[in-house]
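Can you keep this structure in mind? I'll have questions shortly.
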Amino acid sequence: MSAGSSEAPRRTAVLISGRGSNMAALVRAAEQEDFPAEIALVLSNRADAAGLDFAKDHGIPTLVLSHKGYSDRLAFDAALDAHLKAEGIEIVCLAGFMRLLTPWLVERWRNRMINVHPSLLPSFKGLHTHERALEAGVRVHGCTVHFVRAEMDEGPIILQAVVPIEPGDTPDVLADRVLEQEHIIYPKGLELLAAGRLTVEDERVAIAGAKGGLKPLVVPAV
Ligand code: GAR
């Protein structure tokens, strides 16, 4: 527990499948004093996930749970759930975890499992969000932190960050611009959840102590 806080940080697992840059952002945030969550486990369904090395370097227990060893999705999810329980996990963060979870698992972790997605949901669910935003010609794009529900990339929205789309943007340039914001809002979303500042009612999220009064933004500036 960090100095100054009266409660133990919430034991949090981060589930990854690859690069793990969002997981790294969560780990760095949780290393700060008084952060209300600790990253107690990084779990990957792929042994070659690059993010595992980062977690090990930061002294975080890691686990590879390959879906290939299980007969179906439910069997994999039951094993996953058992590991989370055994580690005393209270919050789960999906961070580029590229597997659909069963409704059974999602329900067990209802309002305790969050995800980051690289679009302003409910626009552009699924893959290739940056290409699709450019194709659609939207002026703003961004990312979303949300509670996980059984449907892919659905669930009550906690935070969103908006970025402008600039002339000449490529999917890669846009992806970098959005990823920078993911690394800001995902730790913030975890912090809010772990600190008990979120409530979900009628599938809408209320944030205790959130400030209103933001100014509208016209994009592009003309
Ligand atoms: C991130 O951009 C994340 O938003 C996205 O995968 C990437 C993982 O990168 N997740 C989804 O598309 C979920 N629907 P990372 O491994 O470097 O965090």
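Cβ coordinates are placed from backbone N, Cα and C, and glycine is handled just like the others.
Whatever TrEMBL says is automated annotation, not expert-curated.
Relevant sequence annotations retrieved from TrEMBL are reproduced here:
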{"type": "DOMAIN", "residues": "11-188", "note": "domain 'Formyl transferase N-terminal'"}
{"type": "BINDING", "residues": "G20, S21, N22", "note": "N(1)-(5-phospho-beta-D-ribosyl)glycinamide binding site"}
{"type": "BINDING", "residues": "R73, M98, R99, L100, L101, N115", "note": "(6R)-10-formyltetrahydrofolate binding site"}
{"type": "ACT_SITE", "residues": "H117", "note": "active site, proton donor"}
{"type": "SITE", "residues": "D153", "note": "site 'Raises pKa of active site His'"}
Mind checking which of L100, L101 has the fewest other CB atoms within 10 A of its CB? They're the binding-site residues.
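Selected from the binding-site residues L100, L101 on minimum Cβ neighbours within 10 Å: L100.
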With the Cβ under 6 Å from ligand 1 as the test, give me the qualifying entries from the binding-site residues M98, R99, L100, L101.
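Going through M98, R99, L100, L101 in sequence order, none turns out to be close to ligand 1.
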Tell me, what is the mean pLDDT of the domain 'Formyl transferase N-terminal' (11-188)?
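Summarising the domain 'Formyl transferase N-terminal' (11-188) by its mean pLDDT gives 98.
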Find the shortest Cα-Cα separation between R73 ((6R)-10-formyltetrahydrofolate binding site) and the recorded positions N22, H117, D153, and name the residue that gives it.
D153
DSSP secondary structure for the residue listed as 'active site, proton donor', reduced to helix/strand/coil, please.
strand
Can you name the residues of this chain that are 6 or more positions from N22 (N(1)-(5-phospho-beta-D-ribosyl)glycinamide binding site) yet have a C-beta less than 8 Å from its C-beta?
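Non-local contacts for N22 (N(1)-(5-phospho-beta-D-ribosyl)glycinamide binding site): C93, A95, G96, V116, E182, H183, Y186.
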Please work out which residue of S21, N115 has the most C-beta neighbours within 10 angstroms of its C-beta, and give that one of the binding-site residues.
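Counting Cβ neighbours within 10 Å, the top one is N115.
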How many Å lie between the Cα of L101 ((6R)-10-formyltetrahydrofolate binding site) and the Cα of H117 (active site, proton donor)?
15
